[in-house]
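Just below is one structure, and these are the notes that go with it.
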Amino acid sequence: MQRSPLEKASVVSKLFFSWTRPILKKGYRQRLELSDIYQIPSANSADNLSEKLEREWDRELASKKNPKLINALRRCFFWRFMFYGILLYLGEVTKAVQPLLLGRIIASYDPDNKTERSIAIYLGIGLCLLFIVRTLLLHPAIFGLHHIGMQMRIAMFSLIYKKTLKLSSRVLDKISIGQLVSLLSNNLNKFDEGLALAHFVWIAPLQVALLMGLIWELLQASAFCGLGFLIVLALFQAGLGRMMMKYRDQRAGKINERLVITSEMIENIQSVKAYCWEEAMEKMIENLRQTELKLTRKAAYVRYFNSSAFFFSGFFVVFLSVLPYALIKGIVLRKIFTTISFCIVLRMAVTRQFPWAVQTWYDSLGAINKIQDFLQKQEYKTLEYNLTTTEVVMENVTAFWEEGFGELFEKAKQNSNNRKTSNGDDNLFFSNFSLLGTPVLKDINFKIERGQLLAVAGSTGAGKTSLLMMIMGELEPSEGKIKHSGRISFCSQFSWIMPGTIKENIIFGVSYDEYRYRSVIKACQLEEDISKFAAKDNIVLGEGGITLSGGQRARISLARAVYKDADLYLLDSPFGYLDVLTEKEIFESCVCKLMANKTRILVTSKMEHLKKADKILILHEGSSYFYGTFSELQNLRPDFSSKLMGYDSFDQFSSERRNSILTETLRRFSLEGDAPVSWTETKKQSFKQTGELGDKRKNSILNSINSIRKFSIVQKTPLQMNGIEENSDEPLERRLSLVPDSEQGEAILPRISVINTGPALQLRRRQSVLNMMTHSVNQGQSVHRKTTASTRKVSLAPQANLTELDIYSRRLSQETGLEISEEINEEDLKECFFDNMESIPAVTTWNTYLRYITLHKSLIFVLIWCLVIFLAEVAASLVVLWFLGNTPFQDKGNSTYSRNNSYAVIITNTSSYYVFYIYVGVADTLLALGFFRGLPLVHTLITVSKILHHKMLHSVLQAPMSTLNTLKAGGILNRFSKDIAILDDLLPLTIFDFIQLLLIVIGAIAVVSVLQPYILLATVPVIAAFILLRAYFLQTSQQLKQLESAGRSPIFTHLVTSLKGLWTIRAFGRQPYFETLFHKALNLHTANWFLYLATLRWFQMRIEIIFVIFFIAVTFISILTTGEGEGTVGIILTLAMNIMSTLQWAVNSSIDVDSLMRSVSRVFKFIDMPTEGKPTKSTKAYKNGQLSKVMIIENSHVKKNDIWPSGGQMTIKDLTAKYIEGGNAILENISFSISPGQRVGLLGRTGSGKSTLLSAFLRLLNTEGEIQIDGVSWDSITLQQWRKAFGVIPQKVFIFTGTFRKNLDPYEQWSDQEIWKVADEVGLRSVIEQFPGKLDFVLVDGGCVLSHGHKQLMCLARSVLSKAKILLLDEPSAHLDPVTYQIIRRALKQAFADCTVILCEHRIEAMLECQQFLVIEENKVRQYDSIQKLLNEKSLFQQAISHSDRVKLFPHRNSSKYKSPPQIASLKEETEEEVQETRL
């Protein structure tokens, strides 16, 4: 980054913001890059601001029993805040003084006061000086207040992040990722957007008092009539605001439902395409959209009338103020025009500034209180360690994940009695609520010496991970003692990859040791994988390492744990995603050799690992089932296999530990922090028996967005959720918002705070941060470039010259240094965080406007209608102005008039009434015309938004995966959330406001020019200067906003990344390291945001200067031109002042319209995505008069009306697959054939392309070559017809928000009897019957109440219902408990006995059921043969299969020399199969 010119700028340059000129010039001439942005001043550094606020907050905590965050903020920022408030007040005072000078100028034209004509020019100079002074005071004050708001936000951002790293796991279990992102985005945005308005809470009352005093001097008691009307108007607007918020609360639930379904669709778009559910998902979302739009229109109409009431209230304010006075004392033009000017200022203070200020304080104080509560939550407590200790000891340890759960679960069980079924059976759903009321670990004892290996085993839910968490201090023991040195390293069960290079992920901020690093890489079998990357270990990994396979991610996580020099290594099932050969090699070379002198605790279920362990601890239902050596285990616990592998009969499981639908998910439910409802009520709300979604998912919009576990901000989770990446082009007051909330757009009073506890926000079901940390993370999709880098160290001291890539490319070393990737440039940051679809022009093109306008044929006619009404309004206004300008009004009782005045007429009571009747009639006409002018416009624009959403949804569903793979899920979701919200809420009313303000300014200029033609000499240059200056500014400002939005992405991405890996971060003690990274992300965003604020103020100040010059010209032309009467001069100067008061609003609206139209540009980008083929509906076959619901195609290779496929024969010829067009081939020249009904197993290392081959079969990739099914080539039929030939069980199971019935049959083709029949076949019936409502029970959060195995059964049922003849299975047994796995095995044998099955699996017993095996190595087919031939040849399969498996396969080949190992008498045959399990 460049050094900021602000550091050397003079006072004048700072006052006029001239120091921003270089960046404006560069942005106008060329495209701005991150390197062009100026460095932030040290006063804006996140390090300095956070340290300052943290010091005051600690002081507050130490000195008071009831600490207040606002006190800490006051000590940090109060005096600067008040200084700028005084400047703002002085600027506002000039607005009250201006009408006084206007009245004196008009009075100087009174025929009876010719002596005062000579002072008019001096009064004009004074009036112009007031405008100049106001300009010089107002803009520095507003900029200073925005600056303070920004600093407050940065300081609290940092404070919240630091607190997040300290929170206890119990607190994290009650906080969702959406809450944290909301805390950082929606709540803290109030300081950026509202601090400039906060001072009006005291400025507005003073302004009103001053104005009322001045109006009293003119009109006496009549002044309060106008004030009363304004107060009534404000109350009316408040009522409209409450009505609008009622509609928005109702709509929030509907928006949330749509976004939940949309986010699930985006996250699982590959599954949607594989199942051919595009039409079903589109119909489902469009139905929700229709309901949402009904409420959107109602809210928009209310907002429209609210805004219109303000615009057209001016007539009545003046009328009600002047009428009583005129009826009593007659009319004086000076008083009319002065009153009009006063009323303009008074109206703004009463109906806008003061209510906005009150709402700002209400929202800000609410946000501060919410942040304050968060900062006082329980922190993570480190255990007391003894660094000299060499052993690990646990004595009589008992622990709960949550204390005090017993009473809650008892209440839940009592309430469940009301949910018993009609036959009297207990509702099994509530039978397991007591689980968390029991200890997760109970009376655990063990001791291991230095250098020993402890293997921890047990069935699912036995407490293995909880044991590791307790050793790390994440889970506090309620009883007992834990003893170890405290120097811990940890490898999580689910791989956690942070954005950065492979090298940075392994080193993880620790000082670099070349020898140790290379040894770890070799031991973890990463050498071959790294060698395939052009940048080697310096390749930049994005969201969760999406470019890597699951096995590669697992090995990187293990390497990170091993690289750290620790006394105790905790390894939580690190081999889950590895093939058998890689697993064996890593276990031997890494765990047994490289770490031989280290103390290790390994969670495993492998018999080979238990045999080599020094000690074994088997957990069962949280208790220690066995502790000792392997030989002792065989002698003392011959039934250990059932406890180890979980082969107890399902019916024999205890009620607390039964493998039901809740056992592994209970901790996912928790209360919203401030929601005043009970846990039980929350559960009841979540599981109502109704088909409607609205009562199931009343989450906030933010939580729905962040229900995606991919964050491209982040997310961008991202809630921001993405969590979180966007080029936000909203108006200033919403620019930092991650996602649209129920309050986006212009404030309607009284606005309800984001932190409200209304019904739409009170009851929530969400996944806590703890659950996110303990479950596999769904990865985003992005493309990352490969880069090279050399490294050097720099000190940790704050540096102003850190580049934007420092966010993730520079890493702290153990000696408080940073690892810097020097050769990584800005492009790498874009690849980690930016979407490829974001390359839109800096300024909205005219083509976008034209395309938007012509999208709906009625919109053009509506715009013409608005223009006609405007011309009518101008004509009506001229009628009033003619009466005011050509009729001399005088006080009643004063009948003196000049005979020389050609217009001299004494106004009697009768004629006064006559004039005011005309005025009232014209005012009523204008009000009616104004209301009817904008209403069709708002209605039509919402219809256009509906069309855009439909087109974009259809385009995304029909887009090829090669295009979608280049986008981030958060980026796609933000199109449907943020951009659609802008199109629904902000854009229609902003366009209306802009048109209204533009017409006011144009109309005023036109009238002034008509009354005094010489003013045209000043009008033309001013208009030209405005247009040129606006174009010059927008070219740079929009680029700065893009960069600011891009800079916001790493902030939320880093937050979400930190939360996902919090246990790892704390185990490694890298909290300071991640705090520094977070501060760098904040500094990057601050640099862009601060520069945007400065350039925006530069533009607005110069626009105001231009119009001040225009006002000066108008003033002196009207004063110096002879022959003008007081009416004409009053009209000209009053309208000129009205232009000045409306100008800034109009300018801001013009900028906002251009910014919001960028959302339209982004939507058009998605609409214009290519399609992957024409979607066609399958032909329905009828047999015996009944709909068979089986696909029939018309093809030259198939006889007419033959059902296809009939056998499932596949022929693959020269198949080549690529993820993106023009990319490297993932599979090359694959050729083989599969006979009908045959089972084929896919073999290969992790990352060899097995899953890619299955995707290629479904044509989800860019493919070349040919595949035929039963003689039909994939080129001869449509894409949907081809995919319907397959049944799919993917690795990542897709369960969308909806009923069981909808999830199994989204097209509603099958009857309940048929669905229940299939549920029986696959073993799903008992699961569904546990829920209230059965098939009508609504699943939410990706089916979080279902275990992974139950979700696999859902996929199996879908495939059975689809009547598919070819079944593709991609590691269906991953993370399954043995009971569910056996159910799936049996279901596969029964339901797909005559189908072709292609299986990618790691369990040997499943693969042994295949007749043919396809071995893939180096992107090609190495072997394809039967199991007999593969066993006789040297192959991957021969190395993987054990001797015992060969004996079971070919018992007649058993050699007499071979002696089987001693058998444990009580082991069941099925259990022995599992004991000998290995992975491929």
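Every residue, even glycine, has its Cβ placed from backbone N, Cα and C.
Going by Swiss-Prot topology annotations, Glu292 is found on the same membrane side as Leu1043. Of the residues Asn48, Asn801, Asn900, Asn1454, Swiss-Prot records the annotation N-linked glycosylation site for Asn900. According to Swiss-Prot, of the residues Asn396, Asn909, Asn1148, Asn1229, Asn909 is the one noted as N-linked glycosylation site. Computed over the domain 'ABC transporter 1' (423-646), the whole-number mean pLDDT of the model equals 82. Counting every protein chain shown, 19 other Cβ atoms lie within 10 Å of the Cβ of Ser549 (phosphoserine). Secondary structure of the topological domain 'Cytoplasmic' (1035-1095) per DSSP, as helix, strand and coil residue counts: 58 helix, 0 strand, 3 coil. Remark: secondary structure over the topological domain 'Cytoplasmic' (147-195) totals 43 helix, 2 strand, 4 coil, with classes taken from DSSP. Taken residue by residue, the topological domain 'Cytoplasmic' (940-990) breaks down under DSSP into 45 helix, 0 strand, 6 coil.
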